[in-house]
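Here's what TrEMBL has on this protein:
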BINDING   A:32, A:34, A:85, A:88  Zn(2+) binding site
């Protein structure tokens with residue numbers, strides 16, 4: 001980690017100074033935590049543009065909803081972009097197997113769903129539907145879902161009809 | 001959003017091709033969703049280095065735990081870095097007030113905690129404690145917490161004794 005702290009010295013030396021708290025582009029991105037996804041790079045974002053919410057799978061969990069609700073209600077974002085990606089780790093296991101492995105190791109079964117999935121585009125649509133169904137997210141008119149291709153660096157939009 | 005899709009064309013044109021799924025540096029970062037936090041930039045990360053988990057506040061919620069558990073058990077990460085930041089939106093409200101506002105607007109009270117906090121460093125320590133207390137996270141020997149200064153671009157480590 002110390003290497004990263006050294007990198008941070010260089011970043012701070014070139015840092016442009018304080019920006020406003022609310023995202024300038026009124027955008028919230030919900031994406032997978034995958035190490036190959038450089039969201040600023042993929043979208044050409046600059047510091048201050050957009051909220052970035054990330055978790056295993058880019059799943060719209062209760063916590064992702066919490067973040068989107070705070071993003072929209074307190075900090076003015078209006079658009080949501082969902083980003084899944086090819087070769088996702090969430091496609092390599094099944095929830096029940098993973099929970100059983102954890103229980104075998106710790107003797108405690110996790111009370112949460114791991115959120116593995118099989119079909120990438122279906123899971124993007126599932127994520128959009130969860131936002132649409134949520135009673136606390138006020139702005140749902142602009143939600144778009146994408147799959148990032150880890151071989152080409154391209155974002156491909158997922159077709160969706162609500 | 002179309003501007004971002006145009007940006008992605010340039011990103012893909014310079015894209016280095018596929019990398020391995022497991023994070024090369026065995027690191028998982030848990031950070032706030034704040035628009036001013038460019039995690040790749042702040043740490044000098046490259047594509048493929050580290051899992052990035054982000055939500056409102058960089059809180060160690062059940063979903064952040066889910067992501068860390070998948071990161072460690074299935075994808076081999078061993079170190080955790082927590083990043084909060086100065087001028088955080090989570091310091092601008094109280095959970096009870098925010099929930100009451102949402103209930104007044106939607107007539108439904110959210111069943112989740114918004115996770116507002118007052119003291120930044122205390123909340124970093126709170127986050128570390130939650131990981132340490134979790135029964136499902138296997139590797140807890142290397143957890144470090146930081147506050148990113150949005151005025152200077154610098155990461156400052158939070159002292160912590162478990």
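Cβ coordinates are placed from backbone N, Cα and C, and glycine is handled just like the others.
Feature annotations (TrEMBL) mapped to structure.
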{"residue": "A:32", "record": "Zn(2+) binding site", "Cβ neighbours (10 Å)": "26"}
{"residue": "A:34", "record": "Zn(2+) binding site", "Cβ neighbours (10 Å)": "29"}
{"residue": "A:85", "record": "Zn(2+) binding site", "Cβ neighbours (10 Å)": "22"}
{"residue": "A:88", "record": "Zn(2+) binding site", "Cβ neighbours (10 Å)": "21"}
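In the three-state DSSP classification, residue A:85 (Zn(2+) binding site) falls within a strand. Neighbouring residues of the recorded Zn(2+) site, listed in sequence order and excluding A:32, A:34, A:85, A:88, comprise A:31, A:33, A:36, A:37, A:57, A:58, A:83, A:84, A:86, A:87, A:89, A:90, A:148, A:150 (Cβ within 8 Å of the Cβ centroid). Filtering of the binding-site residues A:32, A:34, A:85 by Cβ separation from chain B (threshold: under 8 Å) yields A:34, ordered along the sequence.
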